[in-house]
Amino acid sequence: MTHSVEITVKGRVQGVYFRAYTRKQALKLNVRGYVENLENGDVKLIAKGQPKAVQELIAWCHNGPLLAKVNQVIVIECHVGEEFADFHIR
């Protein structure tokens, strides 16, 4: 059974390699989906995988990479109809 979430990360999360490190972490956890920068300065993820792996990715997002300063992580359960071959950066 797979679990799907939309994650919005707020704070200093652009220009600090957040997307690249998120991809690396997601691939390590075998989570599929994507990560992208939003125009308002936030980062958005769609993550799909085993529930434990998705929860580990959410936990990682609360800190992010060394240069990031995460102020808030918003997680919304969602149904993702799209199938992903891996986890990529948009």
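From the backbone N, Cα and C atoms, a Cβ is placed for every residue, glycine too.
Because TrEMBL annotations are produced automatically, they should be read as predictions rather than curated entries.
Remember, it's a predicted structure, so these values are computed and weren't measured experimentally.
For reference, TrEMBL has these:
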DOMAIN    4-90  domain 'Acylphosphatase-like'
ACT_SITE  Arg19  active site
ACT_SITE  Asn37  active site
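Taking the C-alpha positions, the distance from Asn37 (active site) to Arg19 (active site) comes to 8 Å. Listed in sequence order, Val35, Glu36, Asn37, Val43, Ile89 are the same-chain residues six or more apart from Arg19 (active site) with CB atoms under 8 A from its CB. For the domain 'Acylphosphatase-like' (4-90), the model's average pLDDT works out to 97. Using DSSP to sort the residues of the domain 'Acylphosphatase-like' (4-90) gives these counts of helix, strand and coil: 23 helix, 34 strand, 30 coil.
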